[in-house]
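According to Swiss-Prot:
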- Lys39: active site, proton acceptor (ACT_SITE)
- Tyr263: active site, proton acceptor (ACT_SITE)
- Arg137, Met310: substrate binding site (BINDING)
- Lys39: N6-(pyridoxal phosphate)lysine (MOD_RES)
Amino acid sequence: MSDRYYRPTFVNVNLDAISSNFKHIEKLHPNKTVIAVIKANGYGLGSVNIAKHLMTSGTDFFAVATLDEAIELRMHGIKAKILVLGVVDPKHIRQASRHRLALTAPDAKWVEDASRYIEAEDKPVWLHIKVDSGMGRIGVQTKQAYDMVVDKVAAVEQFIFEGVFTHFSSADEDNALTERAYDKFLGIINDNKPQYIHCQNSAATLRYDCSECNAVRLGISLYGYYPSEFIRAVSNVKLQPAVQLVSTACFIKHIKSGDTVSYGATYTAQSDEVVATFPIGYADGLPRAMQGYNINLEGTEVPIIGRVCMDQMMARVPDDTLLGAQCIIIDNNADSNQSLERVAQQLGTITYEVLTSLSRRLPKRYYIGDDIEVYNELMK
């Protein structure tokens with residue numbers, strides 16, 4: 001049974017919000033295929049369950065980062081199209097064939113190497129050629145190099161040239177880099193356009209039309225978050241945050257003035273205080289740097305005191321706090337002091353890092369209307 005959990009700490013995932021965000025993007029780009037990006041375990045929320053939910057509403061194209069992530073989806077019955085965005089070792093090409101996956105072709109050499117491992121009886125492998133328009137990670141940088149990849153793909157019977165794509169480095173900022181990258185991308189692919197042409201990540205999807213493309217890749221915004229405050233300001237799309245991180249007080253104690261809390265004795269009580277311990281720590285994705293950060297304890301903001309431990313954290317709480325009191329660490333209310341954006345800002349990082357750090361040992365509670373389905377990966 002995967003619906004059991006024995007530690008009162010969990011992630012609430014609003015599947016209705018995820019569906020709403022997806023539909024908003026479909027309306028914004030009505031003539032484009034929306035590719036749902038569910039890499040990094042669905043941005044920490046459970047890729048398999050996110051995929052299953054989206055498929056019920058018609059989504060038929062997903063993207064992940066690694067071959068392992070793609071195979072995991074297949075093993076759990078996800079039959080939709082899956083594109084692996086990262087570079088797969090060519091010697092594993094037959095795994096992609098066996099599981100009917102689409103792979104990224106980063107250059108001509110990769111195609112050559114992969115062709116040596118494919119067998120005549122193997123099923124087709126769909127390939128999306130990656131163009132480096134300025135990100136500097138993977139992909140071809142010139143039209144000549146792109147055309148060479150196209151020719152190499154055409155020479156292998158089992159390879160299907162299905163798509164071409166790029167990734168903008170600065171679409172979440174107000175600058176001209178993205179326009180230049182888009183022009184470079186179009187110039188490179190000019191004479192060889194496959195079925196799918198995609199260049200828009202979440203930021204570009206919310207900001208640009210990119211009319212020469214016919215697909216968009218929806219990542220962080222699928223889950224209700226803007227890639228940057230700039231994009232939030234310029235976008236007309238109202239995203240709905242889907243994530244809430246919750247824990248419950250498992251121990252209450254009274255301490256005296258001068259008592260210390262947690263490793264290194266970094267917190268010293270200035271008066272007699274009440275301290276609640278919560279069963280969540282940095283092994284769950286709660287950074288140690290959150291010492292001093294306020295959580296919401298049943299409507300009252302209280303500070304995390306002392307260093308966050310691997311499995312537990314402590315907070316200074318009101319005198320009348322009882323065992324079982326519930327705290328919100330990350331809120332699904334965009335205006336809350338515990339919103340994902342404000343948590344990330346306090347930590348000096350981005351929403352992506354906080355979200356994808358959520359551990360697989362955190363049970364997920366998936367909401368559709370009033371219905372709740374619990375999934376605990378440790379009990380599957």
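Residue numbers in this text run from 1 along the chain shown.
From the backbone N, Cα and C atoms, a Cβ is placed for every residue, glycine too.
Positions of Swiss-Prot features highlighted on the structure.
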| residue | record | DSSP (3 states) |
| --- | --- | --- |
| Lys39 | active site, proton acceptor | helix |
| Arg137 | substrate binding site | coil |
| Tyr263 | active site, proton acceptor | helix |
| Met310 | substrate binding site | coil |
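In this structure, the recorded positions Lys39, Arg137 were compared by how many other Cβ atoms lie within 10 Å of their Cβ, and the smallest count belongs to Arg137.
Here Met310 (substrate binding site) is positioned 25 angstrom away from Lys39 (active site, proton acceptor), judged by their C-alpha atoms. Taking only the Cα positions, the spacing between Met310 (substrate binding site) and Tyr263 (active site, proton acceptor) is 11 angstrom. In this structure the C-alpha atoms belonging to Tyr263 (active site, proton acceptor) and Arg137 (substrate binding site) are separated by 40 Å. In this view, Met310 (substrate binding site) is surrounded by 12 other Cβ atoms within 10 Å of its Cβ, with every protein chain counted. Within 10 Å of the C-beta atom of Tyr263 (active site, proton acceptor) sit 12 other C-beta atoms, taking all shown protein chains into account.
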